[in-house]
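If you look up TrEMBL, you'll see 26-43, 55-73, 88-108, 120-143, 163-182, 194-219, 225-243, 264-281 marked as transmembrane segment. The domain 'Cation/H+ exchanger transmembrane' feature in TrEMBL is assigned to 35-331.
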Amino acid sequence: MAVSTSAIAGIVSGRNPLEYSASSPYTIFLFQVVIIVFFAQLLHFPLKKIQQPRVIAEVLSGIILGPTVMGRIPNFTNTVFPTASKPGLTLVANVGIILFLFIVGLEVDLNYIKKNARAAFSVGIINMAIPFGLGCGIARGLFDHYRLTEVDLPPVKFTTYMVFIAVALCITAFPVLARILVELNLIGDKVGNVVLSAGIINDLTGWILLALVVTLANAGNGVNTVYILLLTLAWFLLLMYPVRMAITFYLRRFTNELTTGEPSQLLMLLILVLVFISSFYTDIIGVHPIFGAFMVGVILPRDNGFVIRITEKLEDLVYIVMIPVYFTLAGWV
């Protein structure tokens, strides 16, 4: 691997360690991660006293480190969080949220979801219908204001604008919901499973409606939205039956990993590859990649604490480093 001379010499040669360099981007990245994790943990201590989940501290750390607060200090953002370094942070954050939703899927009990499917569906639809209706109601006034003040923008149909506003108001921040449920140890609980299932219904419906808005804005006929729904359902059924059966058969026939509940490095590699393939698939069909990762977590066999050991191998790195980066960037306003 090629390493630049300036990277080797470092501060000894007078090089600024916080200056972004394409040849050694990890230098400032490591510093940024330390700052983010430190701030998130520092804010969590007082917030924990008033029963606030860790995600609140992580989002607040983004607000403080971002342009709203510390960004007003001259050269702070350009020095500590230069624009050129943001893609690296964003990449790690998105990989982290994919792995986090995979872990959440591992902790979800499918039997609970099946038993409480009607309740979860009702909660999800009602939770979405009320803000969706309110969004449609206020869209008229916003649309008139938009047309009067933004005269240089291309024309937009009222129907498209109305659906967009309604979707924006009714969609749930699913990663935030999952983070709160994990923090409160409610993922394996009946209530937690109903809430999580309702959140999935809400978010998936929101992404599908968003795809419909994009189609309408581009003068499409809306058929693509149906394709997205069918492709998502087909992928879940593929994972749920053929893939799950193949994994279970392999583990029981050719290894003792399911019996001992101890996944090998090779198996962890194969599982993570499946997670990323599933995330890639849901992303390219127009659904967020986190749902692909979540599906893989849901379908893995639960025998002898097998999924618990998978979780233990991943959760520290994901929870301590990657997730704080994701939610800090989410609060970066």
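Heads up, the Cβ atoms here are built off N, Cα and C, so glycines get one too.
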Range from 26-43, 194-219, 225-243 with the greatest count of C-beta pairs under 8 A to the transmembrane segment (163-182): 194-219
Cβ-based contact of the transmembrane segment (88-108) with the transmembrane segment (225-243), 3 or more pairs under 8 Å: no
For the transmembrane segment (264-281), sequence-distant contacts whose Cβ falls under 8 Å of one of its Cβ atoms, 6 or more beyond its ends: 98-99, 102, 235, 239, 243, 251, 255, 257, 289-290, 292-293, 295-297, 300, 310, 313
Same-chain residue ranges lying at least 6 outside the transmembrane segment (55-73) that approach it to Cβ under 8 Å: 35-36, 39-44, 47, 80-81, 176, 179-180, 183, 323-324, 326-333
Chain residues in Cβ proximity to the transmembrane segment (120-143) (below 8 Å; excluding those fewer than six residues from its ends, i.e. six or more beyond): 113, 158, 161-163, 165-172, 193-195, 197-202, 205-206
